[in-house]
C-alpha cells in the first residue's frame, strides 16, 4: 500500500460522523481524473482515506505537488490517498515537450544548402568549393535563425562537410588548433576570475563613482580607455576579452542589468554593443592595434612597393577614427537606448560600496597581478617572442595554481566552450573556401565586372570598396579576408586609376571596420556577443547600420582629411 499526503478544501462543518456529505472535488492531473472517485468524502480536520489502484500509486507519489483537491467552499484540511492492491486501469504517460531543433528554422537552413548544392557550378569554380559554399551558407542561415544553439549548428555544418566528403575530418576540425578561438575562450575564463574575486566589481564601482551619474558618460569613458590601450595591445581579442569584457560585465551587474532575466536593456545591451562596435574602430586607428594590420602593410609593399609606417597609419586614421568614436556611441544611445539614462545618486552609492568592500583581498591582488602580467606580455610579446594566446594560457595557469579560478569553474563556462565550437567551425569552413579557390574566383569576377563599366576611378573604387567590405559576411577572420582579397582589390583599384597608396590605406582601414558586421567577423565579436545581452538579429541589424555610418564617416570626413594631407 502506498500513501500520499495531500492538501484539500473541505466543507466547513459536519453535523456528525454518521452523516457524511459528498463534496465535488477536482484533480489537476489528467491521468488520474478518470480513475479517482468523482465525489470525495471527508471530514473537517480529520484524515480520510481514498483508495487508488496500485498501478497508479507510484505515479501518485511522483506528482504529489500536482494533485489539488478543491471544493467550492470550506476551509483547508488534509487527507490520505491509499493505493488499492490491484486494478485493471492503466494510465498513459504525460507527453513531454519537444526538446529538439526548431523545425521551421531547421528546414530553412537545410533548404538553403540543398538549393545551392544543386545550382550549376559556375565556370572556374571546383565542385568541392561550390559544395562547401552551400554548406557554409546553410550553416550561416542556421546561426541566424538558431534552430539549435550556435555550437550545435556549427557542429552540424562540420558534420555535413565530412559526410559529403567535401572536407576530411582533419580539415573540418583543423581550426580547433587555431589560436584565436582559444584566446576567445580564455577571455571568458579571465572574466570568471574578475567576477569571482570581486576585482571586476571594485573597478566597476570606481568607474561608476567617477562617471556613473551619466550612462552616456560611462560608455564614453570605456570607449576612450579601450582606444588608448589599442596601440599597445595588438590583439583585439585579448584587449576586448581579457580586459574590457570583464569590466563591462561587472558594470552591468553593478547597475542591475543581467543577461537572461529581462534587465538586459537597463544598461548591458547598449554598453555591450557600443564597446564592440568601437573596438573595431580603435583597431583601425593604429598599425599595432590589430594582429592583421601588419599583414595589410606587408601586402601593400608587395603589391605597390610603398610602405605604410606606424605614424603614417595613425596620422591618416586619427580624424575619421575620433569622429567615429564620438558618433557611434551617441547614435546607438538614440536608436538602441538603455532604459537607465542617468543616476545622480550612483556615484555616492558606488563610493559606499567601495568602503564596504574594504581593502583588496589576496585573490583580488593575485587577479590584478595576473592581469598586469598578461597585458605586459601582450604589449611586449613581439620583443619576447610570446604570442597572445600563450600569454593568456600563462595567465590562466597562474589563476588555476593559486586557486583564484578552479578548473571546474572553467568547465562550467558553457558560453566559452560553445563560442570555441562555432567560431572554430566557421574559421575552418571559411579558410577552405579560400584554399579551394572560391574567394580568388570571386575577386577576379568582381574585378572584371567593375573594370568593364568604364567609370571614373572614384566610382570604380567606391564599388570595389563596398564589395570588399560586405563580402566579409563570408569570413570569420580579418586576416583570412585580407589574405584572400586585399592584393586583388588593390591591384585592380590601382589599374583603374585609384592612387595606389590611397587605395591601400583605405582598404587597410576597412579591413577592421568590416568586422562589426557579424558576431564572428573579428576577434572581439564572439566575446561581446557571448555575453548574451544582445539578440542575434539585433546584433546583425545594428552591425549593418553602423557599417553604413562608418563608411560615410571614413570615406566622407576621412576623404576630406586625406585630401588635406595629400594622400590623393
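Each position is counted from 1, following the chain as shown.
The backbone N, Cα and C atoms fix where each Cβ goes, and this holds for glycine too.
Under the heading transmembrane segment, TrEMBL lists 102-120, 132-157, 169-191, 203-223, 270-292, 313-336, 391-408, 414-433, 445-467, 473-494, 501-522, 542-562 (among others).
Sequence-distant residue pairs (6 or more apart) of the transmembrane segment (473-494) and the transmembrane segment (391-408) include fewer than 3 whose Cβ atoms are under 8 Å, leaving the two stretches without contact. Remote same-chain residues near the transmembrane segment (313-336) are listed as 215-216, 219-220, 223-224, 227, 231, 269-270, 273-274, 277-278, 281-282, 284-287, 293, 297, 505, 508-509, 538, 542, 545-546, 549-550, 553-554, 557-558, 561-562, 565, 567 (criterion: CB distance under 8 Å, separation of at least six residues from the stretch ends). Same-chain neighbours of the transmembrane segment (501-522): 143, 236, 276-277, 279-281, 283-284, 289-290, 292-293, 296-297, 300, 303-304, 306, 308, 312-313, 316-317, 320, 422-423, 426, 461, 465, 468-470, 472-473, 475-476, 478, 481-482, 486, 489-490, 493-494, 529, 536, 539-540, 543-544, 546-547, 550-551, 554-555, 558, 562, 567-568, counting only residues six or more beyond its ends whose CB sits under 8 Å from a CB of the stretch. The transmembrane segment (542-562) makes no contact with the transmembrane segment (391-408), as judged by fewer than three Cβ pairs under 8 Å among residues 6 or more apart in sequence. Residues of the same chain lying 6 or more positions beyond the ends of the transmembrane segment (391-408) and with a Cβ under 8 Å from any Cβ of it are 183, 186-187, 189-190, 192-193, 196-197, 238, 242, 363, 366-367, 370-371, 373-374, 377-378, 381. The stretch in closest packing with the transmembrane segment (203-223), judged by the count of Cβ pairs under 8 Å and taken from 132-157, 169-191, 270-292, 414-433, is 270-292. Recorded stretches compared: 132-157, 270-292, 414-433; the one with the most Cβ pairs under 8 Å to the transmembrane segment (169-191) is 414-433. Sequence-distant contacts of the transmembrane segment (270-292), counting only residues of its own chain at least 6 positions beyond either end whose CB sits under 8 Å from a CB of the stretch, comprise 215, 218-219, 222-223, 226-227, 230-236, 239-240, 244, 248, 251-252, 308-310, 313-314, 317-318, 321, 324-325, 328-329, 332-333, 336-338, 388, 477-479, 482, 508-513, 515-516, 522, 524-525, 528-529, 531, 533-534, 539, 542-543, 546, 550.
Here the transmembrane segment (132-157) has Cβ contacts under 8 Å with residues 101-106, 108-110, 112-114, 116-117, 164, 166-167, 417-419, 421-422, 424-426, 429-430, 432-433, 436, 438, 473-474, 520, 536-537, 540 of the same chain, all six or more residues outside its ends.
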